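A quick write-up on the structure given underneath.
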Amino acid sequence: MINIRKTHPLMKIVNNAFIDLPAPSNISSWWNFGSLLGICLILQILTGLFLAMHYTPDTTTAFSSVTHICRDVNYGWIIRYMHANGASMFFICLFMHVGRGLYYGSYTFLETWNIGVILLFATMATAFMGYVLPWGQMSFWGATVITNLLSAIPYIGTNLVEWIWGGFSVDKATLTRFFAFHFIFPFIIAALAMVHLLFLHETGSNNPTGIPSDTDKIPFXXXXXIKDILGAILLILILMLLVLFTPDLLGDPDNYTPANPLNTPPHIKPEWYFLFAYAILRSIPNKLGGVLALILSILVLVIMPLLHTSKQRSMMFRPISQCMFWILVADLLTLTWIGGQPVEHPYIIIGQLASIMYFLIILVMMPVASIIENNLLKW
C-alpha cells in the first residue's frame, strides 16, 4: 500500500517540506534558526491572541488593561512577559539567521533572500507597533519620535505624518490603528514565511562549504527534525529563564509610567533590537539624511548579491572576509551600545565613526577583501 503521507494532497505538502525533504548532510547549528523563527512566530501569535482578549486599545484604559492582565487574569503575567521577551528572542534568532546568510553566501538564492528582507522589515514594523500598545511613557514618546521621522519626506511629509496619526498628535486614533495593524501583521509574516520556504525548497538549502550538495543529501525527518527540537528546547529554556527570573531585564523602566504628552522622558530610546539602527539615525545631524541612513542600514541587505565579488560562495575558506565579517558584528554591537547612551561628547563621535564603519565594511571592505582573496588564490 502506498503511504498516505506521500499521496494525500495536504500531507504531501507537509511531507515534501518537513519529512522527505532532501537536506545537505553537513549543515551546522546555524541552520536551526529558520525553524526557531517559525516557533517564535507561532508563540508570539498565540500569546498575542490571549493578550488581545483582555487588552483595550484606548488611551484612557490601555495602560490599566495591561496592569489588569498582569494582576487579575489567570497566568496573565506569564503570557504578557512571554510575549514581550518572545519578541527579544525573535530578534536574536533573526539577527543570527541573517548573519548566517551573510557568512555562508546564502544571499545568492535571490528570491528567498529578498522575501527574507521583506520579512525583516515586516517584523520590525510589527515590533514597533506592539511597543506602542502598553501606552507607557516610552511607548508614547517612541511612537511620537519614530512617526515624526516621516515628516522629513519633502513636500508630503507633514500630511503623511498627520494621516498616520489620525490627528495632530499621537492619540486615540493612532493607538487603535496600531493595535489593528499589530494584530494583522503577524499573519502576513506567516504567509510571507511560507513563500520564503517555497522559494528555498526550489533550490534546496545552502551548506557551510557553499559547494553544491546534490550528491550528498539526507532526508530531513528524524535527522534534522530532532536537531530542530533540540534547538527549540534551548530557545524555550532561555525564554523561560528570562520570563521567570528577569522579565524586565530588556524592557525600559519608563514604560511603567503611564503616557503623558506633557512630560518628555530624559532619554527616549527604542527596545534593544532597534538600538543599532537608532544609533545610525542619530549619528547624522540632518533629519532627512538620518532617515535615509536608517532605511539604508537595513535595505543594504538587498544589494548583498551585487557586492559579492568572490569566486567562492561561502566565507568558510576565506580568512580575510571572515575578519571583515566579525569586525562588522563588533561594529553592530558598538552601535547597539551607542544607541542606548545619551547624546553627549564621547558617544556622539563613537556613534558617527561606527555608522561610517558599518557602511564602509559592507560596501567597500568586504568586496575588496574578496578580490584580494581571489588574487591570492590566483583565481
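Cβ from N, Cα, C; glycine included.
Pulled from Swiss-Prot, these are the features on record:
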- HIS83, HIS182: heme b b562 binding site (BINDING)
- HIS97, HIS196: heme b b566 binding site (BINDING)
- HIS201: ubiquinone binding site (BINDING)
- 33-53: transmembrane segment (TRANSMEM)
- 77-98: transmembrane segment (TRANSMEM)
- 113-133: transmembrane segment (TRANSMEM)
- 178-198: transmembrane segment (TRANSMEM)
- 226-246: transmembrane segment (TRANSMEM)
- 288-308: transmembrane segment (TRANSMEM)
- 320-340: transmembrane segment (TRANSMEM)
- 347-367: transmembrane segment (TRANSMEM)
TODO: Select the range from 77-98, 113-133, 226-246, 288-308, 320-340 that forms the most Cβ-Cβ pairs under 8 Å with the transmembrane segment (33-53).
DONE: 77-98
Open item on the list: As a test: from 77-98, 178-198, 226-246, pick the stretch that has the greatest number of Cβ pairs under 8 Å with the transmembrane segment (113-133).
Closed with: 178-198
TODO: List the Cα distance (Å, whole number) between HIS201 (ubiquinone binding site) and HIS83 (heme b b562 binding site).
DONE: 30
- [ ] Could you list the residues of the same chain, at least six apart in sequence, whose Cβ is under 8 A from the Cβ of HIS182 (heme b b562 binding site)?
- [x] GLY48, THR126, MET129, GLY130, LEU133
Open item on the list: Is it possible to get the count of other C-beta atoms within 10 angstroms of the C-beta of HIS97 (heme b b566 binding site)?
Closed with: 20
Open item on the list: Please report, as numbers and ranges, the same-chain residues at least 6 past the borders of the transmembrane segment (178-198) whose CB is under 8 Å from any CB of it.
Closed with: 17, 37-38, 41, 44-45, 48, 52, 55, 57, 112, 115-116, 118-119, 122-123, 125-126, 129-130, 132-133, 143
TODO: State the non-local partners of the transmembrane segment (288-308) in its own chain: residues 6+ outside its ends, Cβ under 8 Å from one of its Cβ atoms.
DONE: 98, 102, 105, 107-108, 110, 113-114, 117, 120-121, 124, 149-150, 152-154, 276-278, 280-282, 355, 358-359, 362-363, 366-367, 370
TODO: Tell me the Cβ neighbour count for HIS196 (heme b b566 binding site), meaning other Cβ atoms within 10 Å of its Cβ, over all protein chains shown.
DONE: 21
Task: Conformational class of HIS196 (heme b b566 binding site) under the three-state DSSP mapping - done: helix
Open item on the list: Which residues of the chain, 6 or more past the ends of the transmembrane segment (347-367), have a CB below 8 A from one of its CBs?
Closed with: 279-280, 282-284, 293, 296-297, 300, 304, 307-309, 321, 324-325, 327-328, 331-332, 334-335, 338-339, 341
TODO: Counting other Cβ atoms within 10 Å, pick out the least crowded of the binding-site residues HIS83, HIS201.
DONE: HIS201
